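Copied over from Swiss-Prot, here are the features:
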ACT_SITE  48  active site, proton acceptor
SITE      73  site 'Transition state stabilizer'
SITE      87  site 'Increases basicity of active site His'
BINDING   151, 177  divalent metal cation binding site
């Protein structure tokens with residue numbers, strides 16, 4: 001049995017723009033509803049949602065039949081959390097709150113087996129097709145994609161050092177936390193924050209490192225894509241449900 005191909009990673013390396021949807025709802029039913037919607041990727045968030053390994057597993061199973069790539073954000077840059085997500089078959093990880101080169105190297109080590117990393121070895125995980133993928137430990141890294149999230153002024157100051165760590169496939173800019181770091185909480189559209197984001201995208205483009213972002217502002221999303229973001233999340237499932245239901249109720253309010 002062969003290792004599944006990571007189409008997200010292949011497209012990222014080919015320089016293709018990929019549009020995504022952020023998913024905070026923990027249910028597999030919701031995941032399957034959005035899977036065939038037409039997005040290139042969906043992110044299952046476990047940092048700012050009730051989700052964990054046991055809720056992400058059925059989400060992976062729910063989207064598997066569809067032409068969409070799952071990405072998972074662990075709650076932190078924790079090698080144990082990362083190991084558990086890799087073991088259930090996650091192939092693309094977005095690691096949050098990476099502040100410096102050392103933390104970037106720690107994330108890389110977490111996705112690699114010894115002697116090059118610290119990922120624990122098990123031959124009977126879902127990722128190995130329960131022992132049916134020959135030489136999984138030697139070939140797994142080929143299809144694992146590591147994205148690091150930059151979300152503070154401090155991290156922006158070390159962007160080049162973080163992005164050029166060997167083993168990092170892409171860098172994601174987090175507008176919400178970045179706004180707070182700049183002293184503008186709740187204002188990701190503040191001119192100072194926007195300028196910092198656009199500058200970061202430009203710096204990553206110079207490095208040849210794929211850049212990503214989440215913004216439900218369609219105008220700004222298009223702007224980011226034009227500047228060079230490779231993986232751009234343009235909406236959040238919770239917001240779509242909340243704002244859509246409010247708008248429908250408002251249209252019929254008496």
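Just so you know, glycine gets a Cβ as well, placed from its N, Cα and C.
Feature map: annotations from Swiss-Prot on the structure.
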{"residue": "48", "record": "active site, proton acceptor", "CB count, 10 Å": "13"}
{"residue": "73", "record": "site 'Transition state stabilizer'", "CB count, 10 Å": "25"}
{"residue": "87", "record": "site 'Increases basicity of active site His'", "CB count, 10 Å": "17"}
{"residue": "151", "record": "divalent metal cation binding site", "CB count, 10 Å": "21"}
{"residue": "177", "record": "divalent metal cation binding site", "CB count, 10 Å": "18"}
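Residue 48 (active site, proton acceptor) is 9 Å away from residue 73 (site 'Transition state stabilizer') when you measure Cα to Cα. A straight line from the CA of residue 151 (divalent metal cation binding site) to the CA of residue 48 (active site, proton acceptor) spans 14 Å. Here the CA atom of residue 87 (site 'Increases basicity of active site His') lies 22 Å from the CA atom of the residue listed as 'active site, proton acceptor'.
The two recorded residues, residue 177 (divalent metal cation binding site) and residue 87 (site 'Increases basicity of active site His'), show a Cα separation of 29 Å.
A helical conformation is recorded for residue 87 (site 'Increases basicity of active site His') in the three-state DSSP classification. Taken residue by residue with DSSP, residue 73 (site 'Transition state stabilizer') is part of a strand. Following the DSSP three-state reduction, the secondary structure of residue 151 (divalent metal cation binding site) is coil.
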